[in-house]
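> OK, TrEMBL features for this one:
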TRANSMEM  12-33  transmembrane segment
TRANSMEM  45-67  transmembrane segment
TRANSMEM  73-91  transmembrane segment
TRANSMEM  112-133  transmembrane segment
TRANSMEM  139-164  transmembrane segment
TRANSMEM  171-188  transmembrane segment
TRANSMEM  215-232  transmembrane segment
Amino acid sequence: MEFLQSAAFWSGLAQICLINLILSGDNAVVIALASRNLPPKPRKLAILIGSGAAIVLRVILTLVAAYLLNFPYLQAIGGVLLIYIGIKLLTDEEGEEDMEASSNIATAVKTIVIADLIMSLDNVLAVAAIAKAAGGEHYMILVGLGLAISIPIIIGGSQLLVWVMNKFPPFVYIGAGLIGYAAGEMFVGDKRLGPILFGNAETGTHGLMPHSLEWTIPAFVVLLVVGVGWWIRKRRVAAVEGNDFSQ
């Protein structure tokens, strides 16, 4: 237990907690969107199961992150999946009475876990690097402690966001927009797609766009997710009103 007396260990833990806290904001948004239409008791269960499963899988992802991030266009693919998830969460129907609570919980948990894994891709490598540098052979203890500290923040934050979204429905669009922004950042940060779009300063190569326009990709994806989600919701409302009128 001598490592507990190391300043590097505690410094590394502080850095990992900070990264996880920053990431927890995005996670809380996803959890809130995925569970907002569930009744209170199933909602709490979905949040607990989804958060717990996501944390466990993030530990596993941390172990293999160095290998995963070498796959070409992995982050870009993750960005595409996040766009789909953002639109789906925005257009999920409320009060689907024909579905059992267990089915709704399973759907919410699946969405939470998948979105969390995708959004964690560009963070776990940094966590692993900090943990290995500060903790040495005990680096997994650092990773575990950092994630354990972030769990109550994720759960508490998501429950607060559910209340806000149910109280003020327009916040659902803000949440979907944040997921879209995360997707856009994954496109920009992809090791293969990023240099194609904006070049590589280290090699001196030029891309399709100047670096000063990097912000346009996340901004465009935000508009895409919110715009498509709004359009789908509007069409569904029009279809329901049309059916009611015909009856």
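Using the three backbone atoms N, Cα and C, a Cβ is placed for every residue, glycine included.
Caution: TrEMBL annotation is automatic and unverified by curators.
The shown structure was predicted, so the numbers you read here are calculated from the model rather than taken from an experiment.
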> Output the single range from 45-67, 73-91, 171-188, 215-232 maximising the number of Cβ pairs under 8 Å to the transmembrane segment (139-164).
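Answer, by Cβ pair count: 45-67.
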> State the non-local partners of the transmembrane segment (171-188) in its own chain: residues 6+ outside its ends, Cβ under 8 Å from one of its Cβ atoms.
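That would be 26, 29-30, 32-33, 36, 75-76, 78-80, 82-83, 85-87, 89-90, 115, 118-119, 121-122, 161, 164-165, 194, 197-198, 214, 217-226, 229-230.
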> With a Cβ cut-off under 8 Å, give me the same-chain residues at least six positions beyond the ends of the transmembrane segment (45-67) that come close to it.
27, 31, 34-35, 38, 104-105, 108-109, 111-113, 116-117, 120-121, 124-125, 127-128, 131, 140, 143-144, 147, 150-151, 154-155, 158-159
